[in-house]
Structures are given as C-alpha cells and as structure tokens.
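Enquirer: My questions all concern the structure below.
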Amino acid sequence: MSTKFWLVVPAAGVGARMAADRPKQYLQVGGRCIIEHTLDCFLDHPDLLGAVVCLAVDDPYWPQLAVASDPRVRRAPGGRERADSVLAGLDALQAAGAGEQDWVLVHDAARPNLAREDLQRLLAVLADDPVGGLLAVPVRDTLKRADADGRVAQTVDRSQIWQAYTPQMFRLGALSQALRGALAAGVPITDEASALEWCGQSSRLVEGRADNLKITRPEDLAWLRQAWVERDRQR
C-alpha cells in the first residue's frame, strides 16, 4: 500500500562553515545546484502530494532554478531558526489543502545523496506508526566525552547511540503542535524529532545509509563530487 506524503525543505540558512560565495544549497555538483539534486528524489516519487521550500525572503538564487516553476513546489518564507522555517512550511502546506493527519517529511536542503531505497523504507516502516520517525545511522566510531581542558573525561557507550539524519516523518498536526510548544517554552530544537521528544513522543529510528551526508564543510562537497564520479563510472 502506498503512503502519500508532503515535503518541507528548510533552506533559509547561509551555510557559513562552507565559506563559499553563496549558501551551500546553491553550490553546484554535476552542473546542477545541490538543492536541485536534493529535491529530485522526492519529485520522482509517485506518492508526493506537494512540497514547500522555505527560503530567505531576499534569496536571489531560487528563482533562477527550473524547479522553482514546478507546480508541485511552493515557496514559503524561512525563519530565524530551523523550527521557524519548518513551521512556515507546515502553514503553507495547510493553506494548500494538507490535513492535520497527513504525513509530512522534513529534509535538509543540503542532503542530496538520499537513496531512493531509504526513502521507500522510511515510508513503508512508518506508514502505520503512531508517532513517526526518521532515518538514522548507528554510531560506528568510539565516542569520547571531553572535559573543560579538552581531555578525555569518559568513553561513551555507543551501543544505543544513533546519528539522526533526514528525512524525518511525522503527522502534520502533531509536528506543528510540538514545534510551537517547544519554541514557546524556549526549548532548543535541533531537529523535528527533538520537538516530538519534548512532547513525550518517542520517534522510531529507521536505519539508512551512512552516505546520506549533509554537506556542511568543503571536504563534504569534495567527497560528494568524487562519490558521484565513481557512481557514474559504474553505470
């Protein structure tokens, strides 16, 4: 059975750590912007109902992209924090006809290497879940907790530690309520699952590929370009 879904992509950040002349989602790989590659995986999916990209009000790059004229993709104003942008996206979806019980996927604009199999697994595993969940990867490396002097204070048990990735998938109404409540309470929200966690809801972890990397630093971009060169050679 198919699982219909909406998409929100917060894309108002400037990506300062990339030290580039434009936000990282507009850097090019293979002749196209990162955000175009990011959206491809979702726009190719037959169960997508529509998408909202949350952008800086004065964003000069988005209108130049072909995807900006796709009728399935709407634009919403991004906020100061990620949670503000996602809320604006949810409001835009409701204005477009989305219901409170509809599934919404939130995905990072600079995470363009999402495998279609991972997207499909997420949708299948969470289709009947009472809360929702997210793609994640079990931590593989040894973790150290540091003291104030930058010395090892403790080795952390990694057996139950996962890295949170995106997409993250929740019901529209529940996610909106959780984000609004957490923001009103001044709770730091780093991803959508943390907002649900603050509300006492436990999100399901769905294991995905480790190469679903978020492009944050120059070395991430170099890795992505090389990985796609190797991928294209094998086709």
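Residue 1 is the first one shown; counting continues down the chain.
Backbone N, Cα and C atoms are what each Cβ position is placed from, and that goes for glycine too.
Small disclaimer: the values here were computed from a predicted structure and weren't measured.
According to Swiss-Prot, the protein carries these features:
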SITE      Arg17  site 'Transition state stabilizer'
SITE      Lys24  site 'Transition state stabilizer'
SITE      Arg158  site 'Positions MEP for the nucleophilic attack'
SITE      Lys214  site 'Positions MEP for the nucleophilic attack'
Enquirer: What is the interatomic distance between the Cα atoms of Arg158 (site 'Positions MEP for the nucleophilic attack') and Lys24 (site 'Transition state stabilizer'), given in whole Å?
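Expert: On Cα coordinates alone, these residues lie 31 Å apart.
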Enquirer: Roughly how many angstrom lie between the C-alpha atoms of Arg17 (site 'Transition state stabilizer') and Lys24 (site 'Transition state stabilizer')?
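Expert: Cα of Arg17 (site 'Transition state stabilizer') to Cα of Lys24 (site 'Transition state stabilizer') measures 9 Å after rounding.
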Enquirer: Rounded to the nearest Å, what's the C-alpha distance separating Lys24 (site 'Transition state stabilizer') and Lys214 (site 'Positions MEP for the nucleophilic attack')? Just drop the number here, would you?
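Expert: Cα-Cα, rounded: 10 Å.
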Enquirer: Name the secondary structure element type, per DSSP in three states, that contains Arg158 (site 'Positions MEP for the nucleophilic attack').
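Expert: SS state of Arg158 (site 'Positions MEP for the nucleophilic attack') = coil.
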Enquirer: Mind telling me which of the recorded sites Arg17, Lys24, Arg158 has the densest Cβ neighbourhood, counting other Cβ atoms within 10 Å?
Expert: Lys24
Enquirer: Determine, from DSSP, whether Arg17 (site 'Transition state stabilizer') sits in helix, strand or coil.
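Expert: In the DSSP reduction, Arg17 (site 'Transition state stabilizer') maps to helix.
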Enquirer: Taking 10 A as the limit, how many CB atoms besides its own sit near the CB of Lys214 (site 'Positions MEP for the nucleophilic attack')?
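Expert: Excluding its own Cβ, the number within 10 Å is 15.
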